[in-house]
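S.K.: Here you go, one structure.
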Amino acid sequence: MINIYSNLSKKRDIASTLAKSLENPESGNINNPNQSRVIVVTSGKGGVGKTTTAANLGMSMARLGYRVALIDADIGLRNLDLLLGLENRILYTAMEVLDGQCRLDQALIRDKRWKNLSLLSISKNRQRYNITRQGMTNLIESIQNLGYQFILIDCPAGIDVGFVNAIAPAKEALILTTPEITAIRDADRVAGLLEANEIYNVKLIVNRVRPDMIKSNDMMSVRDVQEMLGIPLLGAIPEDSHVIISTNRGEPLVMKKRLTLSGIAFENAARRLVGKQDYLIDLETPYKGIFKRAQDFFFGSENVD
Ligand code: ADP
Ligand code: MG
């Protein structure tokens, strides 16, 4: 396995990345409520879970009490609104804001369930709109001025047009990958692109992990993926059919009363992202054991059947 992948990563120098992110005042905990963190959620390969992750992390952080703005910058492939169940409430997008046809607050849709969570779409579905770097930067600055503490940008995949403009205002990035060699190789490329755009505070989320396949040596472990890319790990999310159910319902997984393992994993990633000192949930401990322990942790053992 090592031979196939050895030329993949330049083995980014984690120490220097961390040092750079420490120099960045916008990384780490938010102690000052006026400070905000602008984070792009990106990947090399498409379809690896960016939008699912943006919706769940955003909702989870809002539930933790932070003011969160989610930006759907995947122009032409917009679907963050569907995952949040907000598709019928979008009258205006950033296009109209930048063209002076409406105010920012008219395009920034507040979630009814959590009023501290808002969504802004860059353009309507199937509408090609080339937002410039400057346009994107101005837009994010205006949202920061409204007092949002976290601005999560759901980005196009790294090789798509629009990627470079969408990441312009960000100081941090989350790279999504699945434990497959194609997605990992593309994640490595996107990590290079982020570095070239001076985004050094980068964290990894490995999605669609199958502990049973890892056990039978049919899938790379989360640790393997992390070591190959040399990017600090924020979270690992298991493959879970509930993701599809929650997408269809327009309710992010983290809203369920009784969380599934993927919901717990997203919540764990959100807590780590805001700077809480939670340990990473280890998906590779025997499935039932970790699931039961995680549920016990969140709800107490009497709630678990
Ligand atoms: P992207 O935004 O990167 O294109 P999406 O978030 O739209 O990816 O996810 C692509 C597809 O994969 C969707 O159908 C989604 O429901 C599914 N998916 C994402 N994460 C998981 C998961 N952990 N388990 C099962 N299905 C998932
Ligand atoms: Mg998407």
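Every residue number used here counts from 1 along the chain in the order it is shown.
Heads up, the Cβ atoms here are built off N, Cα and C, so glycines get one too.
Worth saying up front: this structure is predicted, and the values here are computed from it rather than measured.
According to TrEMBL, the ATP binding site annotation covers Lys45, Gly46, Gly47, Val48, Gly49, Lys50, Thr51, Thr52. Here TrEMBL flags 39-253 as domain 'CobQ/CobB/MinD/ParA nucleotide binding'.
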S.K.: At a 10 A cut-off on CB-CB distances, which of the binding-site residues Lys45, Lys50 has the highest count?
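M.R.: Output for this query is Lys50.
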S.K.: Just to be sure I understand the contacts, which binding-site residues have a Cβ under 6 angstroms from any atom of ligand 2? Candidates are Lys45, Gly46, Gly47, Gly49, Thr52.
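M.R.: So the answer is none.
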S.K.: Which of these binding-site residues (Lys45, Gly46, Thr51) have a C-beta closer than 6 Å to some atom of ligand 1?
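M.R.: Those binding-site residues that pass the cut-off, since their Cβ is under 6 Å from ligand 1, are Gly46, Thr51.
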S.K.: Per 10 Å Cβ neighbour count, which of the binding-site residues Gly46, Gly49 ranks highest?
M.R.: Gly49
S.K.: So if I measure Cβ to Cβ from Thr51 (ATP binding site) and keep only same-chain residues at least 6 apart in sequence, which ones fall under 8 Å?
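M.R.: Those within reach of Thr51 (ATP binding site), by Cβ under 8 Å and sequence separation of 6 or more, are Asp72, Asp74, Asn79, Leu80, Leu83, Asp154.
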S.K.: Please give the average pLDDT for the domain 'CobQ/CobB/MinD/ParA nucleotide binding' (39-253) in this predicted model.
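M.R.: Computed over the domain 'CobQ/CobB/MinD/ParA nucleotide binding' (39-253), the mean pLDDT is 93 on the 0 to 100 scale.
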S.K.: Can you name the residues of this chain that are 6 or more positions from Thr52 (ATP binding site) yet have a C-beta less than 8 Å from its C-beta?
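M.R.: Once residues fewer than 6 apart are set aside, Thr52 (ATP binding site) is near Leu83, Asn207, Val243, Thr247.
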S.K.: Taking each of the binding-site residues Gly47, Val48 in turn and counting other Cβ atoms within 10 Å of its Cβ, which one has the fewest?
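M.R.: Relative to the other binding-site residues in Gly47, Val48, Gly47 has the fewest Cβ atoms within 10 Å.
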S.K.: Cβ within 8 Å of the ATP site's Cβ centroid: which residues qualify beyond Lys45, Gly46, Gly47, Val48, Gly49, Lys50, Thr51, Thr52?
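M.R.: Close Cβ neighbours, site residues excluded: Ser43, Thr53, Ala157, Leu176, Asn207.
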